[in-house]
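Read the structure below first, then the notes.
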Amino acid sequence: MATGSDAGKSAEAVLEWPKQDKKRMLHAVYRVGDLDRTIKCYTECFGMKLLRKRDVPEEKYTNAFLGYGPEDTNFALELTYNYGVDKYDIGAGFGHFAIANEDVYKLSETIKSSDCCKITREPGPVKGGSTVIAFAQDPDGYMFELIQRGPTPEPLCQVMLRVGDLDRAIMFYEKALGMKLLRKKDVPQYKYTIAMMGYAEEDKTTVLELTYNYGVTEYNKGNAYAQVAIGTDDVYKSAEAVELVTKELGGKILRQPGPLPGLNTKITSFLDPDGWKVVLVDHADFLKELH
């Protein structure tokens, strides 16, 4: 059981915290087979910046953080290279990351002229709509949706994950993490429904795009995509709320809240009802770690 100053409070009081907490999407973590190749791909093709890189030889891995702005305000992609592992199974559950750009046609030409990423869907209006999109694939097989959109403070705009019960997933992220349902769209002709979940409007922040494909209740998640990290003002109160909601909707706490050895950054981690991993990070500790 999560311990903290609120232990023993009523369920209503515990579930008030996610509504008050100032959570923020921090980064997505996933594994790549050649770190330098992926860094080159993202900086040259997508125009991202390499924000920081750290090698941890005693644990045989290297991390690189890439994005479009500083980590204290913007979302980042945390790439993990495990020594000697050059290939991973992405599985069928992970969908894509998305990048908002003012000119998807021009961005697609830049990607085509590179030797590290490829365009898998040519730029053009989305089926049944007017938004211009394209899809690109990186060297490890991760998909990136390119969305034409005006200037935005957060070009890394989506993490898309497939879920087996959309209403359950929406309720989980609302109750356990205080996210808002920003938009829901059913596309019966292609037999899927999407829900956009986040802490601010889609053109201002990174959102989770949850996709339900009619009749598909579970997915092979592979071993490539790892988790999303979210900043919180209090990991102890947040873990209490998550634990309570998992009892109702499924999922489980993986790591009770507390400081990481050696770093002192307080975290807690859990699986959502579909088995997707989320790590909650104390926001003040995270900022200290950056600076």
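Heads up, the Cβ atoms here are built off N, Cα and C, so glycines get one too.
In TrEMBL, annotation is done automatically, which means it is predicted and not curated.
Copied over from TrEMBL:
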- 24-149: domain 'VOC' (DOMAIN)
- Glu78, His96, Glu145: Zn(2+) binding site (BINDING)
- Glu145: active site, proton donor/acceptor (ACT_SITE)
- 155-283: domain 'VOC' (DOMAIN)
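Look at the domain 'VOC' (24-149): DSSP puts its residues at 23 helix, 58 strand, 45 coil.
Per-residue confidence over the domain 'VOC' (155-283) averages 97 (mean pLDDT, predicted model). Sequence-distant contacts of Glu78 (Zn(2+) binding site), defined by Cβ-Cβ distance under 8 angstroms and a gap of at least six in the same chain, are His27, Ala28, Val29, Tyr30, Asn63, Ala64, Phe65, Ala229.
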